[in-house]
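What follows is a set of notes on a single structure, which appears directly below.
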């Protein structure tokens, strides 16, 4: 009986964990499969999987053409090791999943096919290498499949689904856009083709229809404006109207229409995803409830002891005090059990990050109570806590910015730097004197850590640089660079001092995890296009050192680029000769400016159809993915600025408010909450005469910018939360 109860508890923990992290994996419910499923979802297993995925992608840096060449055997061993890990991970997944579900899942088939193709390509390439035959590593293009199709990458798959669902609407707009582009190109051919005009390079102007289409497509991106218009504009000022009309219709209307369509479809499919996730989360929680429920009168409930065991399994790192707080929210009336409605909220409760902090007395208050509690000490601490203290140092930072921009060789500027460093050191010491050190350097106090590390690093680097210059007559440029960078980084502190900046920064920090999804999406696209680009353009353009005497060094190693904008701009390092260089080129293409120069150059050294590579990249990356990224940012900011706290967050804050006490971590009993908190008015307002309790705790929602202490008086709570 006890063994069956333990198995039910483990299975319920798997369901709750899936609901918490929005996993939708139909796993087997046998005891062995459940244990394997918990192991499959362990953070170490997921981390190892991501490590080998990125190790597999990074092989492109060491394989021919390589940034850092390694022997073929070394890269092959790493490749085989990665494939074995992927195969093991897939086998582990097959052990916990229903067989009919596993073999119908497209992502599992994709992983198996990718493993098979990679091994086949490795064997074929190795054999041909033995006979001195160079072949294409065609399997490299399937490597991003591992990043997309493992269960851990469900967010990236959702992003691809969003693109797939948006494509039909984008296609209709794109067809209209292409129709407009082709119509304007035909008009340009008829208007300018027979007038024998020439470009600034002396080439025929608008006489070839396909070249006109390409030039006008580039004009849509504004990269060749106004150069493409100037020959016609010089011939007649009236022809400027043609290009103005073209830009209005295609750049401003159609490009804005692309964003509108993408954003509208993104919102629609995002809502559908959220509804689906909410439904799956509720279903998982109900399944967990049914496993643990017991009859209580006319309803089924989960006993308190059982609930605590479940939470400890799902979130083992949660403190006893935090679990007790969650229990008080779930069992609001302290009946000793949790009903179905409250139980279903557990996954959301676990997702709200609640920071638990102990109320501690300042060490000086224990070691030298008379000194620390004296009137001068109290006045000093009150000054440090005052807003004017922050404003004063904001002004010092701004003055420091002016001095940083001035001539470093001036002795006055050099001496002033020591003054600023001393002022910053005094600020840190005063704050550590005023605030309890472990509170000041807590895990969530990012800006305090940032300020201290930057100041101490700048002080160390400045002293080291001054010592080397005075004793050895040696000027280390590297140390000077570090000093200059650290001085500039100090100016970032102003961000934390302005409330509106804090709102923007907090919003950015909150959306960073989801932004990583689009980082993965971009990585996949970059990898695919980089590998294709290396196969098409490798070795066509070379980079030479300055003043090189190599043949065609001024033409980037290819006479076809003589007198081209690419060669004159000295863009020779922008090539596809290795994986890293390819990434840099793709990043520059994403920025769009001058992308037509790249397209024309690589088309000149290969063939004109090579321009399709660059047009395709622009459509996929800039028109589709960047617009989806912009849509996501817009939606994220709308949500952050407009939505109020969730019901779960409100429930947590209300419960903390109602309790009005700190949870005693060491002496916590089954239903006991001890009131041993220091008054918020004395602890945070700077009145040093009250002796605080040494073992109290405070709670706060992690996203809340103010740290408020719990008080036994509700009015103090309202003042703290409101101020």
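Using N, Cα and C of the backbone, Cβ positions are placed for all residues, glycine too.
Bear in mind that TrEMBL entries carry predicted annotations, made automatically and left uncurated.
Lifted from TrEMBL, the feature list:
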- 50-268: domain 'Ion transport' (DOMAIN)
- 387-642: domain 'Ion transport' (DOMAIN)
- 43-62: transmembrane segment (TRANSMEM)
- 68-88: transmembrane segment (TRANSMEM)
- 109-128: transmembrane segment (TRANSMEM)
- 170-189: transmembrane segment (TRANSMEM)
- 238-266: transmembrane segment (TRANSMEM)
- 388-406: transmembrane segment (TRANSMEM)
- 412-434: transmembrane segment (TRANSMEM)
- 446-466: transmembrane segment (TRANSMEM)
- 507-532: transmembrane segment (TRANSMEM)
- 612-638: transmembrane segment (TRANSMEM)
What residues in the same chain, six or more past the boundaries of the transmembrane segment (238-266), come closer than 8 Å to it by Cβ-Cβ distance? 162, 165-166, 169-170, 173-174, 176-177, 180-181, 184, 187-188, 191-192, 216, 219-222, 225-226, 228-229, 232, 623-624, 627-628, 630-632, 634-635
Would you kindly check 68-88, 109-128, 170-189, 412-434 and say which stretch has the most C-beta pairs under 8 angstroms to the transmembrane segment (612-638)? 170-189
Restricting to the same chain and to residues at least six past its boundaries, which positions have a Cβ under 8 Å from a Cβ of the transmembrane segment (109-128)? 72, 76, 79-80, 83, 86-87, 90, 103, 134-135, 137-139, 142-143, 145-146, 148-150
